[in-house]
């Protein structure tokens, strides 16, 4: 049975259920932002340098997997600069005119945030080049031989672009960002701090051991950690006394099919098919997807990245292969010759 990737509790993508709660949990300053110490230090220098000069910072590109806080950092950058934030996304900018309208409404020192900037349409991207470099755009009026280009000045602004696929950016666009930061997955200890902060904001009684239990199942992603915290809260309020202990957390996550390594039903189905149906592989992703009743894109884009990062699946020229860790996680004996990478190697 096909699964909507956004319905998974361990999906790093923003879901409808995250909504207003996700907004309420966002940090509002670099001091409040947990994790990514190197990125925070670098951004602090970029922001403070611009404030000292009384100018606008260089354009900033934030890259990394979904759910790590790129949008939160864009909001923080604007707040730290004391500037207004204008938000849009790459898919929303289908025409150059869409971008021109947004740029013409900017005032000096505004921060323009474009999420999924790698998906911006080519005509809009080409207009963005000139705006980023010279703070102007050329608007074409008319068609055919009679068309004329009218230059329009744009107020000096800072573009913050966010992408989960930095390699998909064109060279000319990437080169126009003065500062690029890559965000890494969080360590369990950092996620535990995120959970403690979120629990305080939401008024949740969270035991220390319970925070650690949820953190290690959160795939290194704060958005997943906060979502699991809300699901465990529901369980604690309905089936316990409202206090989240380690045992309550374990019982709740078992109900939601999230195991001790953060794998859910779909992840385990992929591993089970790979080991039991295909003897560990190699097997092509399309064949593997048919075996679990999913789209190939779901297996490749939703399940596989975490399974590879966790050291349970290896990509080879001949197809996907289950590692020794995948066999042992399913309670099976690895066949002779299975490689044995450590977790997250």
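Even glycines carry a Cβ here, placed using N, Cα and C.
Source: prediction; values computed, not measured.
Feature annotations, reproduced from Swiss-Prot:
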| type | residues | note |
| --- | --- | --- |
| REGION | 1-186 | region 'Large ATPase domain (RuvB-L)' |
| BINDING | 25, 26, 67, 70, 71, 72, 133, 134, 135, 176, 186, 223 | ATP binding site |
| BINDING | 71 | Mg(2+) binding site |
| REGION | 187-257 | region 'Small ATPAse domain (RuvB-S)' |
| REGION | 260-345 | region 'Head domain (RuvB-H)' |
| BINDING | 315, 320 | DNA binding site |
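Sequence features, as recorded in Swiss-Prot, placed on the structure.
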residue	record	DSSP (3 states)
25	ATP binding site	coil
67	ATP binding site	coil
133	ATP binding site	helix
186	ATP binding site	coil
315	DNA binding site	strand
320	DNA binding site	strand
For ATP, whose listed binding residues are 25, 26, 67, 70, 71, 72, 133, 134, 135, 176, 186, 223, the greatest C-alpha pairwise distance in Å: 37
DSSP residue counts for the region 'Head domain (RuvB-H)' (260-345), split into helix, strand and coil: 41 helix, 9 strand, 36 coil
Neighbourhood of residue 71 (ATP binding site) by C-beta distance under 8 A, where only residues 6 or more apart in the same chain count: 26, 113, 115, 162
For residue 135 (ATP binding site), nearby residues of its own chain (Cβ under 8 Å, 6 or more apart in sequence): 153, 154, 155, 156, 157
Least buried by Cβ count (within 10 Å) of the binding-site residues 315, 320: 315
Rounded inter-Cα distance in Å - residue 315 (DNA binding site), residue 186 (ATP binding site): 24
Between residue 133 (ATP binding site) and residue 320 (DNA binding site), the C-alpha gap once rounded to whole angstrom: 44
The one of 133, 186 whose CB sees the fewest other CB atoms within 10 Å, among these binding-site residues: 133
